[in-house]
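The following features are taken from TrEMBL:
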| type | residues | note |
| --- | --- | --- |
| COILED | 224-251 | coiled coil |
| COMPBIAS | 456-473 | compositional bias 'Basic and acidic residues' |
| COMPBIAS | 489-505 | compositional bias 'Basic and acidic residues' |
| DOMAIN | 18-447 | domain 'Major facilitator superfamily (MFS) profile' |
| REGION | 456-505 | region 'Disordered' |
| TRANSMEM | 16-36 | transmembrane segment |
| TRANSMEM | 57-78 | transmembrane segment |
| TRANSMEM | 90-123 | transmembrane segment |
| TRANSMEM | 144-163 | transmembrane segment |
| TRANSMEM | 175-194 | transmembrane segment |
| TRANSMEM | 265-286 | transmembrane segment |
| TRANSMEM | 298-321 | transmembrane segment |
| TRANSMEM | 333-353 | transmembrane segment |
| TRANSMEM | 359-377 | transmembrane segment |
| TRANSMEM | 389-411 | transmembrane segment |
| TRANSMEM | 423-445 | transmembrane segment |
Amino acid sequence: PPPANAGRAPGPPDGGWGWVVVFGAFVSIGFAYAFPKGLAIFFKEIQDFFGTSYSEIAWISSITLATTYGAGPISSILVNRYGSRPVVMFGGLLCGIGMVSAAFCTSILQLYICVGFITGLGLALNLQPSVIIIGKYFLKRRPIANGLAMAGSPVMLCTLAPLNQFLFDNFGWRGSFLILGAILLHCCVAGALFRPIGPGRAAVTSQATGRGKDALEEEVTGSAMEMSSAMKVLTEKKMEEEEEKDCCEKINQYLDFSLFKHRGFLIYLVGNVLMFLGFFAPIVFLAPYAKHIGIDEYSAAFLLSILAIVDMVARPATGIIANSKWVRPRIQYFFSFSIAFNGACHLLCPLASGYRGLAVYSAFFGLAFGMVCAMLFETLMDLVGASRFTSAVGLVTIAECCTILLGPPIGGTLIDTFGDYKYMFIKCGAVMVLAGTFLFIMNYYNYRMLAKEEKERKMKEEEPQSARTESEGRNNLNKESALDGPELEPLRKEQEGLKKEMNGT
């Protein structure tokens, strides 16, 4: 029999083993976000090796990032079915297989498959479960925990950028891919730290429910065999309808499509889809741009390290600021400002001349990038709540994958067409400023509508109370008038006597 407290869901501990989970998420999220950007170190050499254009080589990062985001629903379904730990461990194994296979590729198309699809799918199975499990371990300290976990991306990027350049100088890009495949297997170790909360309770309940359904189906089948043919047809139709309902319920359990009726979710979705059209392209082309204007390889790689170091400080700091009592009630405004600030940095990038100018741009870009990434999932959870967050992440990532896929190749096409990188930075900056402005205006509208709906709800609650108060007053008056009978006769006589004495006086 199940234990007495089997129906109770344990609350988030907000500490304890949760900080170990944050460390595991720090590693897996770091690889998921930083690895596609760190590959940009090899692009110039791979481009020369295969004789491809900027737009063709940019498809490697685009496919990797798009698969990482587009496989979000698959990752969410697997997490709901099996939990975060086995999904992350399997994702780390896929990452290693994809990079080891890429070391033996003989064409750019094979790199698309091995690095883009296989490694990208493995990174997707690392990203979503890590974000989801933090929401289960933390509630009050969730913005801080998310900020610390998201800091894994700049730390990994700061490490991978010079490491990739060192590996390339000593082992070439093929040997580097072999070593990187082995490094990515550390995601399996990070996944092993994701201890589930409330082990086995949901599984026991679902098994018991499943056994109950099986027993019911056997009884129905046994009785149906004894019935007439007409009754058999009716029973079969009912069972088919129930199976269809069960199928729809299962799909809606894993991916809650009713979120598309949620106003705040739709605003977030549209703004983020637009934002990702210019979010990753500047990072992908930053090191190639530095090499293009004559900066040496290690200095170009160090630009990514500058970006990552500032990003490393910006993410936890943003988490602390977002958790404050002044910002958290209106965190959507802070998120909108971060996106617009990111776009302003890209618009000003063409004004930077020389290595110092690019270093200053990298520092401001790292600050803006860290602010956006630290609040990317926190703002979504603020809108939809922790219970619907798993489905929301899956639906958002599959919608975002289209613009993530197109962003870097469009930037590469602009570089190939005009022979200058500044048009790519201007395009990315304009798109992100537009996305930030859209989110700010629409979030202002959403907050106004929420306040209006809350006011109407309170008025509706007060109306029945006032009606009840009036009806109670009428009942009391009726009771008093009903008592105005023989019981009050002495009192009336006494009042009449007092009136006569007063008249006489």
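Backbone N, Cα and C define each Cβ position, glycine as well.
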Interface present between the transmembrane segment (90-123) and the transmembrane segment (389-411) (three or more C-beta pairs under 8 A):
no
Against the transmembrane segment (265-286), which of these stretches has the most C-beta pairs under 8 Å: 16-36, 144-163, 298-321, 423-445?
423-445
Under 8 angstroms, Cβ to Cβ: which one of 16-36, 175-194, 298-321, 333-353, 359-377 has the largest number of such pairs with the transmembrane segment (144-163)?
298-321
Cβ under 8 Å to the transmembrane segment (423-445), counting only same-chain residues 6 or more beyond its ends: which ones?
267-268, 270-272, 274-275, 277-279, 281-282, 285, 332-333, 335-350, 407, 410-412, 414-415
Summarise the model's confidence over the domain 'Major facilitator superfamily (MFS) profile' (18-447) as a mean pLDDT value.
79
Counting only residues 6 or more past its boundaries, what in the same chain has a CB within less than 8 Å of a CB in the transmembrane segment (90-123)?
28, 31-32, 35-36, 39, 46, 50, 52, 56-57, 59-60, 62-68, 71, 75, 129, 174-175, 177-178, 180-182, 184-191
For the transmembrane segment (359-377), could you work out the same-chain residues 6 or more beyond its ends whose Cβ comes under 8 Å from its Cβ atoms?
33, 131, 146-147, 150, 153-154, 272, 275, 279, 282-283, 286, 303-304, 306-316, 318-319, 322, 331, 334-335, 338-339, 341-342, 344-346, 348-349, 352, 393
Given a Cβ distance threshold of under 8 angstroms, which distant residues of the chain, six or more beyond its ends, lie next to the transmembrane segment (333-353)?
271, 275, 278-279, 282, 318, 321-322, 327, 360-361, 364-365, 368-369, 371-372, 375-376, 379, 422, 425-426, 428-437, 439-440, 443-444
